[in-house]
Amino acid sequence: MEVMNLTRDVSVSPSELTNVSGWATRHGGSQDLILLIQDAWRFATTIVSSPVGQSTPHIYVSMLPFLSSHSPIRKHYGDRMHGMVGVEGTAQDRRKGRLGGWVFKRGIYAACSSDCNLLAIVPRDCPGVISLVDVSSGRLVRDMSHDSVGSISCLAFSPDGTRVASGTDDKSIWVWDHNGQLVLGPITGHSGPIRSIVYSHNGAFIISGSEDHTIRIWDANSGNLAIPPLLGITDNILCIVIPPDDTKIISGSSDGTVRVWDMQSGCPVFDLITKYPGSIKFISASPNGKFIATGSQGRSVGVWDIQTGQAVAGPFSLTGPVTSVAISPDSLYISVGLLNGTIQIWDVLAGQVVSEQLRAHRGSTTMLAYSPDGARIISYSSDDGSLCVFDAHNATATVDTLLFHPERILSIDISPHGNYIISGSDCHSLRIWDRMTGELVNGPLTGHSGYVHIVHYSAHSHRILSCSHDGTLRQWDAQTGDAVQMDSPITAQSSTRDSSDVYFRCATYSPDGGYIATGSSESDVCIWCSSSGKMVVGPMHSPIIGFRSARAIMFSEDGMTVITGWFDGTVDMWNAKSGKLVSSIQSQFRYVSAFAFSADGLNNVIVESLCDKTMHQQITQTGDQAGGSFHGHTNNVSSAQYSPDGTRIVSGSHDKTVHIWDTQSATSIFGPLEGHTNWVRSVAYSPDGTFVASGSGDTTIRIWDVTTQSDSPQASIITFYQIDQPMLTQTCSSQDGT
């Protein structure tokens, strides 16, 4: 690799290593040799697709130290590495397989060659041009165009990769060779725009589907119509697939039907699906010829027997709308591209997710393909023009070994002894993590039917409570993860509006764990028995007239008082036994978007919606401002929490950063702490005050060491959980740059 990089030939390394792997396999190479070649291919692909390729020393500085402990390259050459950067953490062995990525112009359509070495893209700003890209290096091979070609709407490679067929909005078909020469066209006959085009596996025919509701089969050499058009479909044909034996044509259309046709006669065999909810936009045939996978505009994928039309697996429920589908060469896995730019991989037989949501694109995943050897997954997004290459073997793992939330993290809390972190997300589930190792201890804990926006440990770590937008509060055994059964479900209620719109905005345990206090979106404060689930005090209503939503709630240290913070900045104190209002302190601030109390309840910090980049600290008993304002975030502050001793505050913001503040001086001690790629939605301080945790919409949890060192204060990421990246150790400078 060093020599190839120095001679600027490294871009050809991945494709050459792919050829070497195939040669070794055909000539009986040992398994160890083939694994070493495949690892070298992964290594080379990563170099080519990253800035490492611009600096040869980084092969040793940035690449080798981060290799998995199972890497054949590390095993063979690890003993020869001296003076390398030391990297610790188990997540090196849990990478989810992204090898490389490149960004091109946004496209109208893209197709991959059968060997996955070339990608054909139709750029949006040049709809009559086809750009050929080398998948291994991201290098543009050539542009193909012709003055007479209109706007291209679909593409297909011939099986041998030497030709590209294109269908256009002007109802014609054009065929190019791999050198960019036009060899056929225009092929005419359709009376509507062509929406799908494929080659038969023997390369003899081109099959096209159109908005004229017909399918046509053309001789791939002459361009002549092979048999009369296939008729009978009542809506636009959006996708076509040919099983490996070339005996059938399978079509999907806007009317929600999937039909099977005889390839030789063009006669309909049967309607595989008579009426699917939504247009059938994606079909993929299994390489073993036994089933197809279909995707529509909805959030599910169906799997159907090609011979009988019976459902053989699924439907697989996805976390977002489906935008592409591909089946692995061994027919064991289905990869599904989603509108949010991610990829999910399902085990066909088990019907289970084996790798949830590989992060691929900022736009929707509009094309997916497996390499013939099953080693790579190729994905492309027409929305952002990005191409990604994944290691398919590393991308599939049993779901209980994966450390991720499949969706945004909305809430986190740290156990009282500091060993575990609980997280809730908008996939309706909770997960418990080991703080030191990053291992998933329990989860997903399921039962909610809405976003989980509150999670909280009891003081003795026996139980966890969670609140969801489904209007319920649930409890979980902190050791086993089992749901705690109560006599009565704890549910937010409303006497003035539909209860389906009401949910708990804040909740906490009493110091002894025997009670739970809740504040709702309906201005109600209630106290519940944590064992039975019955309301024992309340609902309590603030004397302030008008609709108000609770923002924060806590018990006093002796458990005798409940303190609530409201949307308008008011702080109310209640007798926890009788429910009587003890005091109500109005704030000088209005429309509060975030609210947190110190552990002793003496102070609170609020974020005013009218100036939501700035935090203010006030005295709970009087409502007077305590000290100056906290300035530093550049966007909305979404979450804040005091340190146990009340001397610091951690805050997270929509600006994707975390700050640690001194409560006396209102200055940032550490921050901005950067690394999240989406809003920081929840933050928590450890019970011993040595670290903080941040949960983000980027589906990650980061843990930051915030111990102060007099000679060089710093904050370090000590744990980093993410879908497809390793657990990292990283030093982040304090605000003074030390």
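Every residue gets a Cβ built from N, Cα and C, even glycine.
Listed features, source TrEMBL:
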type	residues	note
REPEAT	145-177	repeat 'WD'
REPEAT	187-228	repeat 'WD'
REPEAT	230-266	repeat 'WD'
REPEAT	273-314	repeat 'WD'
REPEAT	322-356	repeat 'WD'
REPEAT	402-443	repeat 'WD'
REPEAT	445-486	repeat 'WD'
REPEAT	552-584	repeat 'WD'
REGION	623-646	region 'Disordered'
REPEAT	630-671	repeat 'WD'
COMPBIAS	632-644	compositional bias 'Polar residues'
REPEAT	673-714	repeat 'WD'
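For the region 'Disordered' (623-646), the residues of the chain that approach it from at least six positions outside its boundaries are 569, 571, 585-588, 593-594, 596-600, 602-603, 605, 607, 612-617, 652-655, 657, 659, 661, 663-666, 668, 671-672, 679-685, 687-689, judged by C-beta separation under 8 angstroms.
Recorded stretches compared: 145-177, 273-314, 322-356; the one with the most Cβ pairs under 8 Å to the repeat 'WD' (402-443) is 322-356.
Packing against the repeat 'WD' (145-177) from elsewhere in the chain are residues 108-115, 117-118, 120, 122, 126-130, 132, 183-188, 190-199, 201-203, 206, 208, 210, 212, 218, 220, 223: each is 6 or more residues past its ends and has a CB under 8 Å from a CB in it. Model confidence over the repeat 'WD' (187-228) is summarised by a mean pLDDT of 94. Across 273-314, 322-356, 552-584, stretch 273-314 shows the highest tally of CB pairs under 8 A with the repeat 'WD' (230-266).
Of the Cβ pairs linking the repeat 'WD' (273-314) with the repeat 'WD' (322-356) and spaced 6 or more residues apart, 3 or more are under 8 Å, so the two regions touch.
Within its own chain, the repeat 'WD' (187-228) is flanked in space by residues 153-160, 163, 165-175, 234-242, 244-246, 249, 251, 253, 261, 263-266, which lie at least six positions past its ends and keep a Cβ under 8 Å from the stretch.
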